[in-house]
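Presented below is the structure to which this report refers.
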């Protein structure tokens, strides 16, 4: 027998009638199933033994032959073959239909495939198939046209008029003959000519028709096979019928659907034999068509066929579709044997590689192994006795179980398994009771806690499975998080608290200030109680006395040898840094040893510390009242400004919210300060939060500060905060306001978890076939990486960005010229430090985004595997790792609201600008005007600054060894000071000699400023760090006069473009430009000079508040109008997850901006149809039109110079525009930055390469814009590699290649367009995918993981890769080389 695993590809086609008859073992003629008396299948029925095989093993139906020795004989009485009953799972039957029937997949699904081929609409097709209208097949020499539809009356009239000279009929027969008459080659060339004529405006329908025709041509399917003459009957075991206890039968819905088809078919046969009237026959044919439709797809019909309990019957399509369908329920999600589940409890005594397995559970799981050992040890001689012994649980059984379990790993899994660390291998240790014991340090990877969580246990059976569990899945081999390379096994909670207590320092305690010669003496002193754990002491280390504490000595004494002395108070972050450091320096074995020591110590000293918290530990600052009074005064002032009409309602609201956020922040800082001083830093609440063991600053703020601002149901912030804290107690109204946030948190958590899970599923689906397949793709392209900054603050260093990647270019030391980093060399931590030392801030590295491997990626472009901190192995499933790395935090982020209980969080904006570093202002860019005491930026501007790293007065210098403006790196001699000491540079930068100072400064940097910023410093000024250099209004964007003159309104008409609102609270009149768009009206303000000449014009966007009157005089710098920023909403990942979704689905954002298509000069034109036309004149004098909705706030003015890709108005950027205007690389950078931004705000670190893998998959296809001599169709979307391959062939033959442009496709769409139809079908829209695949005769190369899981092969990654399958063990050891 041929091994089922011997195939490498799967092809899907439409089955021809002959093929169906070929599969069949006989025709099903009756609709009976089982005889109710004998309970045996009826002859020729749906369960007939003659067709489908015997129901009893090795026995025919009548019982004449009963034994395996008659195997293969067909009984002469009952015609049943003597065989195994399992054949009833694989033998098919068929039904010969009395009239042809159309297959619902090909005519009903939109777009209708038959409709496209014949070019008729779906409704016309339906009317033909359901016998409502005739269609002309051959017009003969009449006036009728081919494919013309005739109703009953028209048909009779035509027959009377033309007699039999034309051919018209209805039903599936008519469609079948039309399909038979199609000449696909002729049709294809006709359509291609039409496509070329249409050129740019490709008709989607034309493209679809062409694609379908090409698919039929290539696949060898015949169009008429979409109409069925023979119906296959699937094997009976797949649609079983079983007897229930009460004697009734439960049957699969398919049997009911088949019965209806057979009954109607038999009735139609009889009617045809009887030559019944046409109308009756027609009705019966229509009913047959309907019954076959419901058999194939019942849910897709208007009138669904219902069963006895009026629930729709499950048809063949429904059995494939959805979560409960064949693909996802039975093929991708099988249940496995040798598994069990139980509640987990903590096992602090376990080693990192162990887990506790309940003895009863172990006995059940390892039963076959125990039975084998029992028989081998000759305690029993057959399996039955062995089972009895096991049930009696005799001593021998337990002894054998111990032997069996030794070094047999088991897998532990906790649902939801969000990333690969959700399943890890452990060595089992037998424990009493019924709960699984879990090591406390692996909880983080599983996201497990011990409040009733359950875990599943699986037993790997074969030696190779056990070897893989040991080598790859053991918990000690999974110390690092694959998403970012940070440790994922680290202490938390009690352990952290214990170590924090142990390593803290306390003043005035027993034994303070003593000196000790070695660690042992310290431990002796502690045991004799003459020394306190927290006492500050001196200990001799490496021949020198070092100031430390007794506790730290204990901690260091316990650590493995070779780790340098840790002399600080250990919080959770410090511990993680320590673990990382030890991992890099000493490797994993030392870390594993250290982790278990840390766990022991932590628990031990947490117990000794025995901390408790009481109300007296919660200290409310005495200054609280003063802070709140001050806030109330500020708010009164804001209210007063509002009453005078100085600020708008939105600004007032934003300012009030800002005041409370600031007050809360200050109060919290004060409170933390007091807690820190309380009991010399031993206030337990402070210790818990500071160590990171439990609780956060945010939670303590609610206990001892104030609860703060709360959010309304809408997400807006209520401007009156909850001033009380939990210690003081909340008033009734405060409590009531709190409830909404708390409830919302719980509801959100439930909804968002599903969202994040679905995101992960889509990502896995798009990236599942990305595997590292080759070592080097040989690309010369790479991407630029540099430090990510937000102003002064470094968000992500060059090290985080580039470490573990390979360099594209060779980098030399700018001073010595020696090669520091060669091309194609891995960038290690040491190399990065070297590069930073010589001042390299940008690198071009190889990236998955630019990898040119045909399938998957190559080792060099992927770089380092973060879970191992080594270069990635060939065969690593990097696509799935990427999907998990992005999806897993998504699920975590959704849980955020849950813990803080709905307290509003929004960044409070300051209205002052100051920079952290000392700097020199080199220059300014952007429109600005001089006003008294400063410079006012009328639009967005930029400061060009150079930071000052180092300064020394020249009078203190004896000799300068460098020249002005020279670039220096660390370690270069700068000067000799007056004391004769040579000073070396500890910075990278440029020398600047200024007045009486010697400076080292940075390269020029840019700081962007908002419109309306008033700058209070001059160009060239030397500015100390922290000095306020300017102010701006954070809650409104002003439109500012740049010239002096008189105001003149244009198209500002009260009631049309201008709305006057009387504010009910203040009685002031607010003038607001409406955001309704009028065809011809374009509200503007002109400034005219004394001669009435227009010298400036300002376009007013919708919702702008006017600050001037018509005819009023205006000075430079006065505000003409202002735009309020929308009210503050709370920033939560609720904003984050949908944003990530939109980016991955490449949805066009709602509030779109328009980007400049080219670089050039802006020219304002008229408003047409509610859109403003803006032309950009490029350098060749060509005008490029841009249409912008009229109410939008413009970011450019007439005559401005813009660069391609600049935003012309405010709004969100559309990724498709980025691709079109700036190209593929810019789009990749844009998507990467946007997605990272969402995660970074939540404090989640994901390496760029994971997001890169997904973006690479989204940009896999190109769109054909010129066909050349290839077989492509204009406007068709094809895979990049297919495109290059076809072009290569055409060029070799001297033809003209096709031209294509890159496109971006969202993840869902990409998953459905994936090459593998099995993978796409198991994702979504199963029936549609299979319909298209069958027409195209698609071949699945079984390249991805999913398709191999579905058909039961090993997945082609890791050890299952083709590369490793061919490895043979050689017998001959001493063979000649």
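Glycine too: its Cβ is placed from the backbone N, Cα and C atoms.
Residue 78 (Zn(2+) 1 binding site) falls within neither a helix nor a strand when secondary structure is assigned with DSSP, and so counts as coil. Residues annotated as Zn(2+) 1 binding site in Swiss-Prot: 60, 62, 75, 78.
Taken from Swiss-Prot, the feature Mg(2+) binding site applies to 449, 451, 453. According to DSSP, residue 451 (Mg(2+) binding site) sits in a coil region rather than a helix or strand.
According to Swiss-Prot, the Zn(2+) 2 binding site annotation covers 777, 851, 858, 861. Cβ-based neighbour count (10 Å, all protein chains) for residue 851 (Zn(2+) 2 binding site) stands at 25.
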Rounded inter-Cα distance in Å - residue 777 (Zn(2+) 2 binding site), residue 449 (Mg(2+) binding site): 45
Proximal residue to residue 75 (Zn(2+) 1 binding site) among binding-site residues 449, 451, 453, 858 (C-alpha distance): 453
From binding-site residues 60, 62, 78, 861, the one whose Cα lies nearest residue 449 (Mg(2+) binding site): 861
For the Zn(2+) 1 site built from 60, 62, 75, 78, further residues of that chain with CB within 8 A of the site's CB center: 61, 63, 64, 65, 76, 77, 79, 80
Residue 861 (Zn(2+) 2 binding site): secondary structure state under DSSP, collapsed to three categories: helix
Candidate binding-site residues 62, 851, 861, pick with smallest Cα gap to residue 451 (Mg(2+) binding site): 861
Most Cβ neighbours inside 10 Å, all chains, among the binding-site residues 449, 451, 453: 453
Cβ-based isolation winner (fewest other Cβ atoms within 10 Å) among the binding-site residues 75, 861: 75
Whole-number Å value for how far residue 851 (Zn(2+) 2 binding site) lies from residue 60 (Zn(2+) 1 binding site) (Cα to Cα): 62
Chain-internal residues near residue 78 (Zn(2+) 1 binding site), provided their CB is under 8 angstroms and they sit 6+ positions away: 49, 50, 60, 61, 62, 64
Most crowded position, judged by CB atoms within 10 A, among 60, 62 as binding-site residues: 60
Any further residue of that chain within 8 Å (Cβ to the Cβ centroid of 777, 851, 858, 861) of the recorded Zn(2+) 2 site: 774, 776, 779, 846, 848, 850, 852, 853, 857, 859, 860, 862
Residues close to Mg(2+) site centre defined by 449, 451, 453, Cβ within 8 Å: 344, 448, 450, 452
Neighbourhood of residue 858 (Zn(2+) 2 binding site), C-beta criterion under 8 angstroms, separation at least six: 772, 773, 774, 775, 776, 777, 851
